[in-house]
Amino acid sequence: MHSKQVKKIVIVGGGTAGWMAAAMLACRYSREDLAIQLVESDAIATVGVGEATVPGIIQLHQHLGIKESEFVSATNATFKLGIEFKNWSQLGATFFHPFAKYGAPIAGQAFFDCWLRLKQAGYTAKLDEFSLSIALAKANKFVQPDDNATNQLAMFGYAYHFDATLYAKFLRAYAEQRGVQRTEGLITQTYLQADGNIECVELASGEKIAGDLFFDCSGFRGLLIEEALQTGYQDWSHWLPCNKAVAVQTINEKPPTPYTRSTALAAGWQWTIPLQNRIGNGYVFCDRYISDDEAIATLTRNVEREMLTEPRVIGFNAGVRNKFWNKNCVAIGLASGFIEPLESTSISLIQTGVEKIMDAMPALEYSENTIASTNSLNQQEYERIRDFIVLHYKASAREDSAFWRDVREMDIPTTLQNKMSAYLKDATFLDYGQESFKDASWQTMYNGFNLYPQIPPSNVADLDVQQLMLVAEKMRAAIQAGVAHAPSHAEFLSTLADGKF
Ligand SMILES: Cc1cc2nc3c(=O)[nH]c(=O)nc-3n(C[C@H](O)[C@H](O)[C@H](O)COP(=O)(O)OP(=O)(O)OC[C@H]3O[C@@H](n4cnc5c(N)ncnc54)[C@H](O)[C@@H]3O)c2cc1C
């Protein structure tokens, strides 16, 4: 099949997506082989939110050769061990989603299965008590995991909270040092070739910028992928009805927590994201159940602290672009689709999106087959994340507002239905491939929402309960001892700034 050479990539947009793409491409390809030009407009602001991440970003930074202490100081970052979910399963209930597995296998069997067996036999220790990262988070402590650890109890992942604007600036410096050319200007026109591929974009100044491959990082509007190529959008709002967020920054009166907080409210949920110098807050809501003014009033009331910015309402529509890669245009970031930020997946999708393109083009050429297989992977990845997020609503037992009653009753995707049925039957975790959230994350949710299988897993049915309990208790004690030695999150941040880590 005829393949196309890529000698120049034009990136449209200079938000988190545009500069992440620029940095990753500049690190991967030599400037002799590939020219990269990024166009952004000072007249169009970036979305300005997007401050919580998942652990993939650690590997990304290692790959880019970014020093953690420099990044943390440049972006006012804090560390993130996971997310605390308040009032999700019911009012007053809390659970924590760590970036880690629980416990360690016992007698060769998965810890979760053993714990289910113990729970069934009357053991009262909570699943949370078998996670070092949850114990650290509860104690407001942080320490990096030991990369050489052989004890599974000491293995956990972490991520960051950071200032999105500062992050884009940080990556811009990185990318420009590696040859990325930045052009400031408002794109007013996109020209297509006769075969439907993009020929060039035109700026208000009249300058035309041509390329072989275009990355549309222009945000929700999808300047190239939608406005020029009319790719179409799969609307998932019947599964994910939240369609707006109001965001506000407040002062940080207390030491930052090493985790994000997500608090379920009457018509959605509120995020609390601690940075070193301030807190990012937002209420993600569905405007069928609450007006913008009511959402602003609720958030303003809940944050309690002095506000540093005016509350700002942002609209969105859950779903994914019909094609991630259409003709010679790839959509990255908000231009490619959006799943609400409940599990901080958008920045991760930028990373995996660019990785997919680079994996598909090791020699900087592509064919129709490359496009089709990359699109299929992207669609699957989005659907898997969608299902995981939908579970957060479907599994809730809340009945105190119309919003919660409706999401409990809604139809869910068949793929999610199958996963829930397999788990509830006998603790089987289905894996459809391209799963961003592994078994431990599903265990967190099922346990957090008090969902347990009808039949205990058969692989642990014959294990001796007393023996299991002895081993489990040793794990619990080891975790508590591990936490006792860890520094507070604030101490860790200041020691990192002093260059001692
Ligand atoms: C409420 C909310 C909360 C979120 N929270 C999180 C989170 O906690 N974690 C997470 O991972 N993600 C989160 N996200 C998603 C995250 O914000 C985005 O994935 C990320 O910021 C990438 O945005 P972007 O770069 O695609 O678009 P934008 O930030 O919108 O950037 C678009 C760029 O395109 C340029 N542009 C547009 N039109 C033109 C034009 N005509 N000419 C020239 N340039 C143009 C603009 O100047 C800008 O530089 C959140 C999103 C929302 C809406």
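Here the Cβ of each residue, glycine as well, is placed from N, Cα and C on the backbone.
The annotation FAD binding site is assigned in TrEMBL to GLY14, GLY15, THR16, ALA17, LEU334, ILE347. Annotation comment: TrEMBL describes LYS80 as active site. Residues annotated as 7-chloro-L-tryptophan binding site in TrEMBL: LYS80. For GLU343, the entry in TrEMBL reads L-tryptophan binding site.
Residue with the densest Cβ environment among the binding-site residues ALA17, ILE347: ALA17, by other Cβ atoms within 10 Å. The FAD site, placed at the center of the C-beta atoms of GLY14, GLY15, THR16, ALA17, LEU334, ILE347, has further neighbours from the same chain whose C-beta lies within 8 angstroms: GLY13, GLY18, TRP19, MET20, THR46, VAL47, GLY50, ALA164, ALA168, CYS217, GLY219, ILE332, GLY333, ILE350. For ligand 1, the neighbouring recorded positions among ALA17, LYS80, LEU334, ILE347 are ALA17, LEU334, ILE347, by Cβ distance under 6 Å. The Cα atom of GLU343 (L-tryptophan binding site) lies nearest to that of LYS80, taking the recorded positions GLY15, THR16, ALA17, LYS80, LEU334 as the candidates. Using a 10 Å radius centred on the Cβ of THR16 (FAD binding site) and all shown protein chains, the other Cβ atoms total 27. Among the record's FAD binders, GLY14, GLY15, THR16, ALA17, LEU334, ILE347, no two C-alpha atoms are more than 14 Å apart, and one pair sits at exactly that spread. Long-range C-beta contacts of GLY15 (FAD binding site), restricted to its own chain and to partners at least six residues apart, with a cutoff below 8 Å, comprise GLU40, THR46, VAL47, ALA164, ALA168, CYS217, GLY219, GLY333, LEU334. Cα of LYS80 (active site) to Cα of GLY14 (FAD binding site): a distance of 25 Å.
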